[in-house]
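Student: So Swiss-Prot has the following annotated:
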BINDING   HIS118  chlorophyll a ChlzD2 binding site
BINDING   GLN130, ASN143  pheophytin a binding site
BINDING   HIS198  chlorophyll a PD2 binding site
BINDING   HIS215, PHE262  plastoquinone binding site
BINDING   HIS215, HIS269  Fe cation binding site
MOD_RES   THR2  phosphothreonine
MOD_RES   THR2  N-acetylthreonine
TRANSMEM  41-61  transmembrane segment
TRANSMEM  125-141  transmembrane segment
TRANSMEM  153-166  transmembrane segment
TRANSMEM  208-228  transmembrane segment
TRANSMEM  279-295  transmembrane segment
Amino acid sequence: MTIALGKFSKDEKTLLDVLDDWLRRDRFVFIGWSGLLLFPCAYFALGGWFTGTTFVTSWYTHGLASSYLEGCNFLTAAVSTPANSLAHSLLLLWGPEAQGDFTRWCQLGGLWTFVAFHGAFGLIGFMLRQFELARSVQLRPYNAIAFSAPIAVFVSVFLIYPLGQSGWFFAPSFGVAAIFRFILFFQGFHNWTLNPFHMMGVAGVLGAALLCAIHGATVENTLFEDGDGANTFRAFNPTQAEETYSMVTANRFWSQIFGVAFSNKRWLHFFMLFVPVTGLWMSAIGVVGLALNLRAYDFVSQEIRAAEDPEFETFYTKNILLNEGIRAWMAAQDQPHENLIFPEEVLPRGNAL
């Protein structure tokens, strides 16, 4: 006979179990292991952005005023990118550029790299939070998969594109008017609106908006008249077993309108997920192409004919001339460190301008 000394209990918890309970079970607001990445990164990204837009100038990097302290408002304030001369330096506070001097670090554009990287990891942390919580309550991870699309766009625009160019300088600054300037830059230097990946992105976003509006209206139109609540939001029990709206009625309605309709809710909702996520992913892939200076569609035959025949012009050739104008007028003021001076005779002129 074997005699065991001591007792074994399944209730004994390791330090990892205690930490897991503290992060995931013992609180009203879920933190989770993903929160160890999400919350610090989100805090630092937002804190850096508010600090930069409130106090920090862009005079030393772009020759611009960019803070509330200098007279900007919410639409014109920004955390601007570092100077072009700093290339792809991480601009660490303790690095060789700032050498631990916080004021100098801000003047050099250190807040931009700080916000960009903490923002990227904060978004990744939020996606992991959705994965973790879905696994905890035994849901499928489609929310997290969908959120990968805006992450792909953020990473491609703010990190991969400038990595393919000469420095962080050519990334968007974090501000409303600054993003508008970046969009004009993308159009003038990359003809972005004629890029097929941009077209797919626009189709995805606008198509998703259309699907969302149609779906919401259809559900409202086909609600069962049930319950004694004062309004739609109180008329149904959230734990009810029966349907809230009539899928059959909705199917018959759209079959009459379009001739075709979704036959079941699974395909309908998957399509509503697929359209915007695919559109954003395609747009992100297109921006990666721009990082490598890949070109959009070029209709050279139209350009040659327009150059030879002053009476021939298409919307494409007009846009090409406008892009030349953006490049010529924007480069000099957008990159003052290059000391670009364009003589009058090389500035674009033509039927479009």
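Placement of Cβ uses the backbone N, Cα and C atoms for every residue, glycine included.
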Student: Distance check, please: Cα of HIS269 (Fe cation binding site) against Cα of PHE262 (plastoquinone binding site), rounded to an integer number of angstrom.
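Tutor: With the alpha carbons as reference points, the distance is 10 Å.
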Student: With a Cβ cut-off under 8 Å, give me the same-chain residues at least six positions beyond the ends of the transmembrane segment (125-141) that come close to it.
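Tutor: For the transmembrane segment (125-141), the sequence-distant neighbours (Cβ-Cβ under 8 Å, at least 6 residues beyond its ends) are 24, 30, 32-35, 37-39, 41-42, 147-148, 151.
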Student: Going by C-alpha positions, which of the binding-site residues (HIS118, GLN130, ASN143, HIS198) is nearest PHE262 (plastoquinone binding site)?
Tutor: ASN143
Student: Expressed to the nearest Å, what is the distance separating HIS118 (chlorophyll a ChlzD2 binding site) and ASN143 (pheophytin a binding site) at their Cα atoms?
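Tutor: HIS118 (chlorophyll a ChlzD2 binding site) and ASN143 (pheophytin a binding site) have their Cα atoms 22 Å apart.
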Student: Given ASN143 (pheophytin a binding site) and HIS215 (plastoquinone binding site), what distance in Å do their CA atoms have, once rounded to a whole number?
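Tutor: About 18 Å separates the two Cα atoms.
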Student: For PHE262 (plastoquinone binding site), which of the three DSSP-derived states applies: helix, strand, or coil?
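Tutor: Once the DSSP labels are grouped into three classes, PHE262 (plastoquinone binding site) ends up as coil.
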Student: Cα-Cα separation of GLN130 (pheophytin a binding site) and the residue listed as 'chlorophyll a PD2 binding site', in Å?
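Tutor: GLN130 (pheophytin a binding site) and the residue listed as 'chlorophyll a PD2 binding site' have their Cα atoms 28 Å apart.
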Student: Which of the three DSSP-derived classes (helix, strand, coil) applies to ASN143 (pheophytin a binding site)?
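Tutor: Once the DSSP labels are grouped into three classes, ASN143 (pheophytin a binding site) ends up as helix.
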Student: I'd like the number of other C-beta atoms within 10 A of the C-beta of HIS269 (Fe cation binding site), please.
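Tutor: Around HIS269 (Fe cation binding site), other Cβ atoms within 10 Å: 14.
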Student: Can you give me the Cα-Cα distance between HIS215 (plastoquinone binding site) and HIS198 (chlorophyll a PD2 binding site) in Å, rounded to a whole number?
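Tutor: The Cα atom of HIS215 (plastoquinone binding site) is 25 Å away from the Cα atom of HIS198 (chlorophyll a PD2 binding site).
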Student: Reduced to three states, what secondary structure does DSSP give GLN130 (pheophytin a binding site)?
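Tutor: The three-state answer is helix.
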Student: Using a 10 angstroms cut-off on Cβ to Cβ distances, just flag whichever of HIS118, HIS198, HIS215 is the loneliest among these binding-site residues.
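Tutor: Relative to the other binding-site residues in HIS118, HIS198, HIS215, HIS215 has the fewest Cβ atoms within 10 Å.
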